[in-house]
Amino acid sequence: SMNHTTVVEFVLLGLTNSRHLEAMLFLFLVIAYFLILLGNITVITITLVNNFLQTPMYYLLRNFALLEITFTSTFIPSTLYSLLTEKKIISLPGCFLQMLLFFFLGTCTFFHVATMSFDRYVAICRPLHYSTIMNNRFCLQLVLACWAVSFLLIFPPTMVVVQLPFCGPNVMNHFYCDASLLLQLSCTDTGFIEGLMLIISIITIPGTLIVTAVSYGCIIITILHIPSSTGRKKAFSTCSAHLMVVMIFYSTSIYRYIRPAQRGGQDSDKVLSFFFSVVTQMLNPYIYSLRNNQVRQALKESILKAFSSSLRQ
């Protein structure tokens, strides 16, 4: 129980020990976080203020953008602070909270990607039934289900981890409080919770990957039957961009979490975590939304309207 805990803080070793590399990483993370915030806030704003973007696809994209902002905000600001100040210490409650939010929001991201791929499947493969299937009520239910299922999967094991005794050492070779590495620091047997977390990872990652893969498989088959070569090329261009991000996101996540954690943590694990938690999040708003012609047109009109209004004033 918490009364027997002797460790009151953890040391996060971060991404690198080199001060030169830390300076470069700090600059990259600042730019990446700025692009994540800018891209996703733009998506949320544009899809809210434009009437012709009030469709299920943009409703899901808007929620995905909000999810990305909250997910990256669980660890990027603290990582930037540690890179800037060289303070790599996080309190015990802070570590537990970061772990809960990171894995809850990360799990929700997987379910949301699967939901958006299903939406694209219905739109492309069953266009005549799209408005009937993807109505407002069903979209709301899908989004709420993503959040609720993610919470039910992550909250109970997190509460078990919180009750574990930590007697030292307290050094974690990572840049955020990773659950698998945290369990290694406990001074009690964690075999049951490790097995439970592996099952949850299998349900979440390969489970949602199957939905995503089947959806995009059906989409590709439908695209191949498009008579116009221009139409096929345009559709493949959009799908290939989506699939590129999905492949990076899932491949790094599967290798990182669908296997036993290496004792003490490996530098390669940090690199994989960096890819699926930062790089793909930076690409998502531009791949899923801002490459879309309707979104670009709406953004252009909003900028022109704002510019005209400022000139009149």
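Using N, Cα and C of the backbone, Cβ positions are placed for all residues, glycine too.
Database features (TrEMBL):
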type: TRANSMEM; residues: 23-53; note: transmembrane segment
type: DOMAIN; residues: 39-288; note: domain 'G-protein coupled receptors family 1 profile'
type: TRANSMEM; residues: 65-84; note: transmembrane segment
type: TRANSMEM; residues: 96-118; note: transmembrane segment
type: TRANSMEM; residues: 138-155; note: transmembrane segment
type: TRANSMEM; residues: 198-224; note: transmembrane segment
type: TRANSMEM; residues: 236-258; note: transmembrane segment
type: TRANSMEM; residues: 270-290; note: transmembrane segment
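Residues of the same chain lying 6 or more positions beyond the ends of the transmembrane segment (96-118) and with a Cβ under 8 Å from any Cβ of it are 57, 60-61, 63-64, 67-68, 70-71, 74-75, 78, 90, 142-143, 145-147, 149-151, 153-155, 158, 161-162, 176-179, 182, 200, 204-205, 208-209, 211-212, 215-216, 242, 246, 249, 253, 277, 288. Segment contact holds for the transmembrane segment (65-84) and the transmembrane segment (270-290), given three or more CB pairs below 8 angstroms at sequence separation of 6 or more.
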